[in-house]
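Undergrad: Just dropping this structure here.
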Amino acid sequence: MAGHSLRVLEYQRVRELLAMRTRTEPGRLAALALEPLSGREEIFATLAEVDEARRLLGEQGEAPLGGVADLREVLRRVEVEDAWLDIEALAEVHRAICCAGECRAYFQRSSHAPLLTARAEQLQPLVGLREALGESIGPRGEVLDGASFELAELRGRIRTLRGRIRQRLEALLADEQLAPAFQDRLITERGDRYVLPVRADRRGLLRGFVHDESGSGQTLYVEPAATLEANNELCHLLHEEQREVRRILLRLSAAVRRAIPELLANQQVLGCLDLRCAAGRLSRDYGGCAPRLTAEPEFDLRQARHPLLLFDGDGAVNNRVAVPIDLRLGAEARVLVISGPNTGGKTVALKTLGLLQLMLASGLHIPCHPDSRTCLFGKVLADIGDEQDIAANLSTFSGHLRQVREVLRQADENSLVLLDEVGTGTDPVEGGALAMALLEELRVRRSKTVVTTHLNLVKGYAQLTEEVVNAAVEFDPETLEPTYRLHYGVPGASGAFTIARRMGLPDELLQRAESYLAPGDRSGQQLLEELNRLRQQAAEDAAEAERLKRLAGQERERRCALLHEFEQQRRDLLDKARRQARKLVRDAETRLRQLFEEAKGGGLSTPRQAELARAVRDVAAESPRSAPVAGARLCRALEPGELVRLRRLGSEGEVVRVDGEQVDLLLAGKRLRCCLADLEFESRPRYPGKRAARIRGVRVREGFQPKLLLVGSRVDEALPRLERFLDDALLNRQRQVEVVHGSGEGVLRRAVRELLAGHRAVTAFHAADLSRGGDNVTVVELEN
């Protein structure tokens, strides 16, 4: 049954998408062999590693995992004593060792991936073998001269001898007497021996041995007798070189043989790291996440998308928009019955839920909202699609029954059961009764079950049975396309007549079909369709109301911004007017002082005195008159309890709370939030019935209470109030006061006592007696 569920939910396609994002052959093979995990802790650990891999992709780029081959066959060949590997195989081993070292360093550079770093630290660097292979095998797959002293000496002699042979042959080509014999003036090789191309009709001009001829027979490749001995020596040296290379390969193969356990362990770790990085890339491509995993038997997958709809056939992210769907079934419910039109939406919902559960159990992120949550089901049992098998003589109904039998054999309280079109393929009444009995059995077993259906019997069973929930798939009657939105708590209408009418079937035929319906079926179908229409209309109205609400909020913000701008302009104008007024006053005062100085001199004639009087009156007329001030500007911080005036309303209120530029006011018995810029200090006292007295030139507040209540205040609010309270206590000649701060986490108590410890007027402080509050209250002693 597990293999059948993986097949019908298209789990193999997820493996292929993952394999396309691997960088090594071991990683690709691990992706194609991926299976859902059984242990809860293993799933948690794997998801955490995928989280780290995706984070590293953004922080450090791609891990250095490219070019590693599957070494199992290579290592199997070299297990036999005296077996040796060719250069290509040794180069693959060298690349795998280098990759292991680079990956280890890559993950160790990060401090945000402890799980992957711990896994990478299992890689064996194999420094000795890596250096031996690196010194012996070149980047083009050749054995380097430095592989051994003997090889370096042999190749030096070979190069010298080749040079001598070429010099002798070039001399022959330059000989004018031999020029008619040569087809081309070039040196070539046949069988590791240097030869010259000679015309067949001039063969007698050059003494030597013929090694080959051209296809036309007009050119002979002749080894001159003058280079015979040198060519013989060259062939001998080349054979010696081959024997030395073979000895080197034997030596390196023996070193690889000794490191087989470490190489196999490294390959397994590299494959696992590559698989995790591929899972991170896949998660990044479809915007996946790990939902919150719960112990309760429930799922709430918000804005879930079917992952296969997000990719093209070649595995690339496509540009199609996959409509998200909300899939949920609480812990108190056991069965979810999805119904609605036969347009594909129900089956897509079923497959989305099943495939996301399988991916999550495999340690993969899933495309859904981060606030989603679900439990981990031990088994996913699915029966989706047409199970007809002509070769096995199975009808659709028989094929479904065979899978249902397997479901009943395995289903338990840890199972997620997914059944598509339950009860179909036979008589609707009998099929509906069979489906109801099956759902009841699964409900009793406490299996989490999700089914799709068109059968009214099953819809009615869901509506009337405890722990069973109906859900309707919405579709657009205009486009005949599913919207993939699920409406929970109500059954969905199949909408066969609506779809048929939209598809162009004749009205007469549809009217005849409707007449064949039983009266109860007709009215029930019409009721469901009307219910769906009203629900869709309600959803559209709610969306419109939300849109209008959003627009109203934007308009309110715009008006507040304009009001703030106008208030700022008003303040600027007032400031400008005040500056101009002050300048006029200064100019007037200067002129008056000049007039008074002139008057003090005396001896003024009567006309001059009249002239000065007129000048004084002119200055007085030019001086700005003082305007009454309705309220003082906010030139200091507001405090709870103060009276302020709201300029827009012209009303006064009491400050309840100050939060930056926002102030909560108590106005006419209502709590109102407004901007700080809209407020003015109220000039009259808060409590007009109480008068202030003066003692020795200092204002003293009457009715002082020697206890300050700070419970529920933040530290930044409480400390200024405490300082003012201590000042008032000193002015009122108090020797002892109490500060009630409560317990909580002790933050406020510590802040209060730290302030008291540094206050100049506090001589001592201590916790109150238990009868007066204990450590929730601090008693403060003040100097006389």
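Even glycines carry a Cβ here, placed using N, Cα and C.
All TrEMBL annotations are machine predictions without curation.
This is the feature table in TrEMBL:
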- GLY340, PRO341, ASN342, THR343, GLY344, GLY345, LYS346, THR347: ATP binding site (BINDING)
- 524-598: coiled coil (COILED)
- 714-783: domain 'Smr' (DOMAIN)
Undergrad: Please report the three-state DSSP label of PRO341 (ATP binding site).
TA: coil
Undergrad: On average, what pLDDT score does this prediction assign to the coiled coil (524-598)?
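TA: Mean per-residue confidence for the coiled coil (524-598): 76 out of 100.
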Undergrad: Mind giving me a neighbour count for THR347 (ATP binding site)? Other Cβ atoms within 10 Å of its Cβ, every protein chain shown.
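TA: So the Cβ neighbour count for THR347 (ATP binding site) comes to 19.
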Undergrad: So how many other Cβ atoms are close to GLY340 (ATP binding site), meaning within 10 Å of its Cβ?
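TA: A count of 26.
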Undergrad: Looking only at Cβ atoms, how many others are within 10 Å of the one on GLY345 (ATP binding site)?
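TA: Excluding its own Cβ, the number within 10 Å is 25.
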Undergrad: Measure from the Cβ of PRO341 (ATP binding site) and count the other Cβ atoms within 10 Å, all protein chains considered.
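TA: Neighbour count, Cβ to Cβ under the 10 Å cut-off: 25.
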Undergrad: Which residues does LYS346 (ATP binding site) neighbour through Cβ under 8 Å, counting only same-chain ones at least six apart?
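TA: For LYS346 (ATP binding site), the qualifying residues are ILE338, SER339, GLY340, ASP420, THR452, VAL473.
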